[in-house]
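Per TrEMBL, these features apply:
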{"type": "DOMAIN", "residues": "17-325", "note": "domain 'Acyltransferase 3'"}
{"type": "TRANSMEM", "residues": "21-40", "note": "transmembrane segment"}
{"type": "TRANSMEM", "residues": "60-79", "note": "transmembrane segment"}
{"type": "TRANSMEM", "residues": "91-112", "note": "transmembrane segment"}
{"type": "TRANSMEM", "residues": "124-152", "note": "transmembrane segment"}
{"type": "TRANSMEM", "residues": "159-177", "note": "transmembrane segment"}
{"type": "TRANSMEM", "residues": "189-209", "note": "transmembrane segment"}
{"type": "TRANSMEM", "residues": "216-234", "note": "transmembrane segment"}
{"type": "TRANSMEM", "residues": "240-260", "note": "transmembrane segment"}
{"type": "TRANSMEM", "residues": "280-301", "note": "transmembrane segment"}
{"type": "TRANSMEM", "residues": "307-324", "note": "transmembrane segment"}
{"type": "REGION", "residues": "347-384", "note": "region 'Disordered'"}
């Protein structure tokens with residue numbers, strides 16, 4: 001390839017552009033994971049069931065790592081600032097969208113809106129959302145829990161903090177600790193990634209800046225080994241095995257993202273990453289009815305057709321979610337508490353656009369930028 005051709009296919013790297021790319025890959029895997037679950041529930045079999053073990057290794061750990069990278073400042077705040085800048089916006093988002101989800105499945109009966117402990121249309125599930133996170137929105141709830149936990153444990157030495165979080169993660173994934181609630185189990189299993197990001201952000205950024213073939217191959221080898229064991233053997237109970245798989249998947253994904261984010265032909269992945277929160281909030285509203293309808297129309301199909309349907313539904317869910325995002329972000333109260341919007345509206349007229357009077361999660365055209373994104377990359381980014 002000539003130098004001229006290379007310039008046409010590779011763009012100049014933006015600082016920390018790998019984040020949007022990594023989040024784009026992660027949200028696509030989340031959608032595939034949910035498509036697999038709901039199509040199987042509808043009787044359409046596609047990828048082998050154990051593939052779900054592999055799909056669990058990267059998405060949520062990398063989302064929480066990135067969230068933690070920009071949660072470091074929060075541990076120095078007073079609780080009042082923590083509440084105003086982090087906890088209130090995140091909990092507001094969680095409550096509002098939990099109500100939207102409940103209303104959706106209440107209005108459209110017959111849909112299996114959740115494969116967890118409580119049906120999506122059960123009023124009890126809505127009443128208990130702040131103590132018993134049983135919906136797919138547990139991720140947003142976890143952001144608030146993690147921000148508070150990192151603040152509450154700020155006096156611990158960072159290495160002790162991360163070791164304790166790793167021990168908790170391993171105990172949960174090995175089945176030694178089980179809360180009986182999928183949301184709390186995942187909170188316990190994944191806090192280590194948020195804590196590591198929050199406590200070691202400079203080292204993470206430095207490592208990505210010094211990405212090398214050797215480090216990438218080492219991460220790939222660790223991922224292949226741990227994923228093979230998890231996929232081929234019933235070995236999830238082995239302490240630290242899942243954590244090793246997740247850590248190696250995150251390391252490999254981040255290092256590859258540093259390379260791949262420069263390729264213009266893959267810019268759509270970064271677009272998905274920038275809109276990953278909306279996709280996360282909206283995709284099940286697309287997947288669940290379509291999966292139910294396909295189950296009624298097609299019934300059982302051979303696995304090859306099932307796999308084709310799976311990936312087709314992934315594309316449909318992402319595209320429709322992005323279209324719905326353009327509509328829902330116009331309704332700003334769906335994403336940002338009115339009190340924050342009022343404060344922002346009363347900011348000094350001469351203040352730069354990137355300055356927020358509250359430093360709260362903002363909507364460039366959406367929310368949670370300050371929770372999971374660097375202050376200097378607010379390029380219409382809404383992250384999970």
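Cβ coordinates are placed from backbone N, Cα and C, and glycine is handled just like the others.
When averaged over the domain 'Acyltransferase 3' (17-325), pLDDT in the model lands at 91.
When Cβ distances are compared across the two stretches, the transmembrane segment (124-152) makes no contact with the transmembrane segment (240-260), since fewer than 3 pairs at least 6 residues apart fall below 8 angstroms.
Here the transmembrane segment (21-40) has long-range neighbours at 46-47, 49, 51-52, 55-56, 58-60, 62-63, 66, 112, 115, 136, 253-254, 257, 260-261, 266, 268-274, 276, 279-280, 283-284, 287-288, 291-292, 294-295, 306, 309-311, 313-314, 317-318, 383-384, meaning same-chain residues at least 6 beyond its ends whose C-beta is under 8 angstroms from one of its own. Within the chain, the transmembrane segment (216-234) has long-range Cβ neighbours (under 8 A, six or more residues past its boundaries) at 50-51, 53-54, 57, 241-242, 244-245, 247-249, 251-252, 255-256. Under 8 Å from some Cβ of the transmembrane segment (159-177) lie the Cβ atoms of residues 153, 185, 188-192, 195-196, 199-200, 236-243, all in the same chain and six or more residues away from its ends. Contact between the transmembrane segment (240-260) and the transmembrane segment (91-112) does not hold: fewer than three of their C-beta pairs are under 8 Å, each pair 6 or more apart in sequence.
Distant neighbours of the transmembrane segment (91-112): 38, 41, 119-121, 123, 125-126, 129-130, 135-137, 140-141, 144, 281, 284-285, 288-289, 292, 333-337, 367-368; these residues of the same chain sit at least 6 beyond its ends, with a Cβ under 8 Å from one of its Cβ atoms.
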